[in-house]
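Below is one structure, written out as structure tokens; the observations come after it.
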Amino acid sequence: MAEVDSEVPPLPPRYRFRDLLLGDQSFQNDDRVQVEFYVNENTFKERLKLFFIKNQRSSLRIRLFNFSLKLLTCALYVLRVALDDPEQVTGVPGNMFLLSALLQVTVALISFLEAMLLTYLSYKGNIWEQMFQISFILEMINTVPFIITIFWPPLRNIFIPVFLNCWLAKCALENMINDLHRAIQRTHSAMFNQVLILICTLLCLVFTGACGIQHLERAGKNLTLFNSLYFCIVTFSTVGYGDVTPHIWPSQLLVVILICVALVVLPLQFEELAYLWMERQKSGGNYSRHRAQTEKHAVLCVSSLKIDLLMDFLNEFYAHPRLQDYYVVILCPTEMDIQVRRILQIPLWSQRVIYLQGSALKDTDLMRAKMDDAEACFILSSRNEVDRTAADHQTILRAWAVKDFAPNCPLYVQILKPENKFHVKFADHVVCEEEFKYAMLALNCVCPATSTLVTLLVHTSRGQEGQLSPEQWQRTYGRCSGNEVYHIRLCDSKFFGEYDGKSFTYASFHAHKKYGVCLIGVKREDNKSILLNPGPRHIMAAPDTCYYINITKEENSAFIFKQEEKDKKGLPVTGLYDAPSRLPVHSIIASMAMDLQNPADPPEDCSKLTLPTENGAGSRRPSIAPVLEIADSSSILPCDLLSDQSEDETNHSDEEGSSVSDFVKGYPPNSPYIGSSPTLCHLLPQKASFCCLRLDKGCRHNSFEDAKAYCFKNKLILVSAETAGNGLYNFIVPLRAYYRPRKELNPIVLLLDYPPDNHFLEAICCFPMVYFMAGTIDNLDNLLQCGIIYADNLVVVDKESTMSAEEDYMADAKTIVNVQTMFRLFPSLSIITELTHPSNMRFMQFRAKDCYSLALSKLEKIERDKGSNLAFMFRLPFAAGRVFSISMLDTLLYQSFVKDYMIPIARLLLGLDTTPGSGYLCAMKVTEEDLWIRTYGRLFQKLCSSSAEIPIGIYRTESHMFSSSEVRQGRDISINVENTGGDDQRNNRCESWKEKTAHRNSTTSDQSEHPLLRKKSLQWARRLSRKNTKPPSRTERISQQRLNLYRRSERQELSELVKNRMKHLGLPTVGYEDVANLTASDVMNRVNLGYLQDEMNDHQNTLSYVLINPPPDTMLELNDIVYIIRSDPLAGPDVPEDVAQGQSSGGQTRQDFGAETRDETHL
């Protein structure tokens, strides 16, 4: 065994424990093989090629040295000519001459060696190709003779055309510029390079001609070098004085050759220069680095630039005074449109708008736009693309590219679809088009004309629109449209500085009463969230930022107080709007500072407000309570304004049914996209099955197959869309928010061209009374099945497939025609339409013989010629909030550059965001019993003192009568009304006359209560129709009767068509209202497409419009709808301890009743 053990070999070094721990480097190195790469570049030739050609910086130095040598040879030739005396045939040359000759030989030798080396390095197998290059031949001509003279002195007097080195210097300069671009990574424009080449070519021609003619004329008149240069310049400039001319034929032949060369070379150079100039006009060139460092500029990145988009951006961007000195650089990948080119040639824009054709994904184009020095970058999506998702993807890549290139540049991004919003959440401001669109359309159903209200707020205007119009409503509407949202710190404000330590409601009311400004929101210094109407619990502090609505910001306002002077002199107190002619308006943008320190009605009179009654006897009502500085929460009623008009919720519990009482409040469990703001909503206790969401088909849970079978208590809201996109989720959420009363929730029916996917159904199955149906609005059967006769609002959403058309403005053709058809079939239906192009809204009310519409069209053209940003505001469909285009909200993104708070405020108003403690937008209707309040200022006080609500505007509907000339045009219709004696038509005429002739301050009432007034109105109408007119002949009466029969037949035909289709579908026809059976109230309350018009009375129109922040002395009218910002019912206490004790008892009541608050509360 010992022998066997002794024969065991020792372990190799790699298996030793010590080596395993420390490692054996020698052994590992024995296994490695070192590999050298690119050994072919280690040769001598490759190293020379790398130094002379490939390397950018060393190659640049070699070319710069070569360029200097060529210039030196030309200078030496000029020096030698200057020192040479042609009359001296023999003699000893001077020292200077010998020195120049020695330098020439040395330079020639260096140039020859360099040329041979570069030829060797660039040799690629064809020696003849290298030898017959023009540059090689010139090098040999100018260098070889000098080298020969070293070995053969007799050739030293031979003439060598060294001046031809100027052409070699030109080639070296071109190569040197190219290497310079590569070395420092900066590119000059091609125009610069081409101009430099052209200048060098001209200099070379002139220098070659001058030197050649001077040498050849040594045998003639012996011209000096200066005379030869003068002759060449005169000749090439085509002047030809003739005082200096060549006299021998060799020099004359040289002139002929030079002219021929110039005629060939120069036109080619100019052609290239002109081509580059045209290309530069298309691409836009570069934005100067010096200008970018000394001036401020903003960059606009778009996929394609249309004239409407450009003008909207420029008008809104330059509407702010502090942006007048900014430059706008447009970066667009497409060629500039002809219309855009014409606009940018206007001196107003040509000096501050620069168009660059390029892509935001290229750093070179971003460098051209000087993106790293820009103050802001606006990235807009192309909404006219068929594939909107692809358009969003392009926007996202542009945003990423700009953020990567210029991280410190503020980004303002527009996204079309909400599911793509989270990709650009790093941007400073993001506007999602579909979020705002659907939320605005939803609020239009419960708060009329919300789209008009928000659009006017986000547009910059000075309130001058319509001030020269003869129509009173246009002047009032145009003046109030100038109101915008501004902000100021409380400690710096004269509007709100005196309310430090007071409640928010107290500050809002007294600021409106005194200055005419509407305080709508506030932001704490230590809180980034903006709160709309935080209520009386919020105590104003000096560092707070106040957000208010006014004609202009406080810094541009003039304050003129005359109240004290009038009190001392004993003069009667007049408000600001009582004597507008006495106002010292210093400028257009001067604020209408209100001189209303004392209320219009003294406190002692306010306690004795008289309310007119039917029998004429007056009864006393309590005065409007004052707004407390620090309100007690027990005095704040979170429900209706007046307790005697509030409805008892318990009385309706049985009538509403168990379905309503089963609703619960909570947050939707499934969001269709990332980034949606959580909102407390009315939800079902359990999710509904997908089969139960289908309206037109029964399932095992219910057998209902149409809207009638569901027996809905409230009117339906129909939404016609192409697909169930994620943005449609934002239409449902505001209508199911927790502050909407349960008993007033309207059923929502989605009429979709394509059935929704399960992902969308999963998101909406938790909401009560939300259904869908596959169909289109141009199919009458689909409309009847989805319950259009039981609907109160129909929302027509613009379809993506029709947004792009061969002719841009034809994208809305199908939508407009379909809406007009539904208007004729269902006249009592309120239709809210979204259009692609705002200019097409004029077709929503197009009537060839409507004189009033033609007058509005002329007014729009006048306002557009004046440069108004809101020229379309007087179109009746827009004023009434029945038509909307999402492009109107582009200004929201533009304004956020100056007002960074506009997007959060707009989201809070539309219900897209719900901040704890922030209020929400709703509306209330002024009834006949509420007219005792009389003015908007007293209504402001009533709302602030009773329910802590802040009114911000009025939606007014009034009758309109044409002028006398227009009435005479319709006298035949008036006579027919008298003869037929229709009750509805007579009531309509009486209502219109009474509303226009009665004083606006008087209380209106139903005409059935005043038969005498009705009788007198009819008598006046008859006299007006017969005044200065002859009695109609028998032929005229027969033709008028035929016309009326034709009209009635047309209406009856439409009615029979609808009824027959309903019978065919098995639907009851009881709910369908015929056009001929419309009552006067239906005609008054129907605001379809911006106007209401009885077809039997063409000269009577009903129009609606929005008044934003009207003056306090504005008289209230019957059926006015007041926009209010109601405080959050779930807001927590934010008051001192003594006030908080009073809140503890009423807090639960506020929370319970806050959700039942009405959206249209009766005063």
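Residue numbers in this text run from 1 along the chain shown.
Yeah, the Cβs are placed from backbone N, Cα and C, and that goes for glycine too.
Sequence annotations record features per position, and here TrEMBL assigns transmembrane segment to 64-83 (among others).
Per TrEMBL, the feature transmembrane segment maps to 95-120 (among others). Beyond the ends of the transmembrane segment (95-120), by six or more residues, the same chain brings 45, 48, 52-53, 66, 69-70, 72-73, 76-77, 79-80, 83-84, 130, 136, 139-140, 142-144, 146-147, 149-150, 156, 162 to within a C-beta distance below 8 angstroms of the stretch.
Sequence annotations record features per position, and here TrEMBL assigns transmembrane segment to 132-152 (among others).
Sequence annotations record features per position, and here TrEMBL assigns transmembrane segment to 158-175 (among others). Remote same-chain partners of the transmembrane segment (158-175), defined as residues 6 or more beyond its termini with a Cβ less than 8 Å from a stretch Cβ, comprise 63, 66-67, 70-71, 73-74, 76-77, 104, 135, 138-139, 141-142, 145-146, 149, 193, 196-197, 200-201, 203-204, 207-208, 211-212, 215.
If you look up TrEMBL, you'll see 195-216 (among others) marked as transmembrane segment.
The transmembrane segment annotation in TrEMBL covers 222-241 (among others).
According to TrEMBL, the transmembrane segment annotation covers 253-270 (among others).
Summarising the annotation, TrEMBL assigns domain 'RCK N-terminal' to 295-431 (among others). When pLDDT is averaged over the domain 'RCK N-terminal' (295-431), the result is 90.
Here TrEMBL flags 599-622 (among others) as region 'Disordered'.
TrEMBL lists 714-854 (among others) with the feature domain 'RCK N-terminal'.
Here TrEMBL flags 993-1013 (among others) as region 'Disordered'.
The region 'Disordered' annotation in TrEMBL covers 1132-1163 (among others).
According to TrEMBL, the compositional bias 'Polar residues' annotation covers 1141-1151.
Residues annotated as compositional bias 'Basic and acidic residues' in TrEMBL: 1153-1163.
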Same-chain Cβ contacts of the transmembrane segment (222-241) under 8 Å, 6 or more residues past its ends?
78, 81-82, 86, 202, 205-206, 209-211, 213-214, 255, 258-259, 262
By Cβ distance under 8 Å, which residues at least 6 away from the ends of the transmembrane segment (195-216) in the same chain are close to it?
74, 77-78, 81, 159, 161, 163-164, 166-167, 170, 173-174, 177, 223-225, 227-229, 231-233, 235-236, 246, 248, 250-251, 254-255, 258, 261-262, 265-266, 269-270, 273
Which residues of the same chain, at least 6 past either end of the transmembrane segment (132-152), have a Cβ under 8 Å from a Cβ in it?
73, 104-105, 108-109, 111-112, 115, 119, 158, 160-162, 164-165, 167-168, 171
Kindly report the helix/strand/coil residue split of the domain 'RCK N-terminal' (714-854) according to DSSP, in that order.
62 helix, 29 strand, 50 coil
What is the number of residues in the domain 'RCK N-terminal' (295-431) that are helix, strand and coil, as DSSP sees it?
59 helix, 28 strand, 50 coil
